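Before any comments, here is the structure.
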Amino acid sequence: MRCRLQMLFQRKFKISLLFLLLLALLVHLVMDFALPTAHRPCGCDTKAPKAVGVLSGSPMPAGLKKLSLRILQDFSGSNGSLEKSSQPWRVGLHVRAGEPGVQQQHEEGNAGWTKGSKLAALFEHPLYNIPIPEVTEKDKLFIVNPMEKFSLHSSGSDEWVSSSKAETLLPTGKTAYDTYPTWLKFHVGINRYELYPRRDPLLPTLLRDLATQRIVSSVQKSGGTQLKLIMTFPNYGQALFKPMKQTRDQETPIDFFYFSDFERHNAEIAAFHLDRILDFRRIPPVSGRLVNITKEIRDVTTDKKLAKTFFISPAGNVCFYGECSYYCSTEHALCGKPDRLEGSMAALLPDKTLAKRRSWRSPWRRSYHKSKKAEWELNPNYCAQVRETPPYNRGRRLLDLIDMTILDFLMGNMDRHHYETFEKFGNDTFLLHLDNGRGFGTHSRDEPSILAPLQQCCSIKKSTYLRLQLLATQPYRLSDLLREALATDPLAPVLAEPHLWALDRRLGKVLAAVGHCLARAARQEEVLVDDVGSWV
């Protein structure tokens, strides 16, 4: 009897063990089949033609979709070493000991994005790791004295002074660069090729400073059509403040002229993040901020004209209107609740007395007249004329302008009458994408005329085109990326959802426009100008 019980127990144990093994195998099979494609180790599904084509519904021929797929595959193959090389963004960026260590810190991550996010994945993609040319002394906006250090007045002060007046110095071993305020590090890092690096560890700190630094002075910015303020911080950093004039869901009325529309604070914030996602990096950092009109504007202003425009509304709210060409009156006053007001804070570029900038009139500038049209609206061959005119007759200036056109079309910005460059770098440098407040005014309609430079010239940088294709795919969908980027802003949500959806629709139209150019061109190279791995 005892022997029989022992055999029965052993048999049951073996059966139970076999059952557990079968159950484990079944769980693994279920997980394998249920796991979404986006989360599998290999994202190289060659059976999905939409992965690198335009959005569904875009009028691109099937042949061009295959061409687009081949182009992106060719690029990924030819640049596979980018992912394996040691920090490709540092190639050629050598900093001598004692000089500002801007580039030495750029490998410290993706500017605060958490691992596993779509943004982090985007910035790890080979298309976002193409090295810039070597930055020489003449390619830097500033050459800083490596011996000049800065320190705080005291432990409880936000102000900094030169080392000759400082009470304490930083510990031995730190470079002079470590003593600079974040805004100064931003200025020192500007070079011929970029306003700030892709992997800039300063970015989160600079955005946080814009949103939280104490405001010690507030004056109205001269010029411009609408009210803007220059805010000064204790560490002498400055920012351009654009106050809130409209709610998120207000669209520009269809009968409004583009030049009479409101400027939007949230458009400035969204434009900065969109510009970065497109890898242009030509808009200075912008953060949202909730400002106290009483303590942070009225009580600290030295602008007598501005001070005269403050009043208390019948509802008991603190209001002001300043002086400007449009919308500066009691009828268009900016009022707090009761004294809290939203706005955008944009990091100011170096003063023009230190770093001169040249203003260029855009060849595709609008007429700014209620009935007259500009020449480019009447002449379909207008681009041929532009190509023969300096500085568009050589280098990458025209291609950079087309980049700016794509940014404006995605935002719906019709107000790009001028752009600027740093004078020190001549014609061989990037364009500054400043003043984006008239973007994101509409989401229910698109303005195809903004794409005129692309459509008339039928040229685009190959790197730009490949990135646009990437942003049309599900893992890197443009609306998702911008939504994630804007979620970190103090004023989130920055854009209403329909504006984010409109980005995907407009991106499809940009890719379709390039597709039409490719269909008409004798050679692909006539449309896609190869700038990958070289500086034209």
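The chain as shown is numbered from 1 upward.
Glycine residues also receive a Cβ, built from the backbone N, Cα and C atoms like all the rest.
Here's what TrEMBL has on this protein:
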- Gln226, Lys242, Glu263, Ala346, Ala347, Leu348, Leu349, Glu420, Asp435: ATP binding site (BINDING)
- Glu263, Asp435: Mn(2+) binding site (BINDING)
- Asp415: active site (ACT_SITE)
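Shown here: features listed in TrEMBL, placed on the structure.
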residue : record           : Cβ neighbours (10 Å)
Gln226  : ATP binding site : 19
Glu263  : ATP binding site : 25
Ala347  : ATP binding site : 23
Leu349  : ATP binding site : 21
Asp415  : active site      : 20
Asp435  : ATP binding site : 23
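When the record's ATP-binding residues Gln226, Lys242, Glu263, Ala346, Ala347, Leu348, Leu349, Glu420, Asp435 are compared pairwise by CA position, the greatest distance found is 20 Å. Here Asp415 (active site) is positioned 21 angstrom away from Leu349 (ATP binding site), judged by their C-alpha atoms.
Cα to Cα, Asp435 (ATP binding site) and Asp415 (active site) are separated by 9 Å. Taking the Cα of Asp415 (active site) as the reference point, the closest of the binding-site residues Gln226, Glu263, Ala347 is Glu263.
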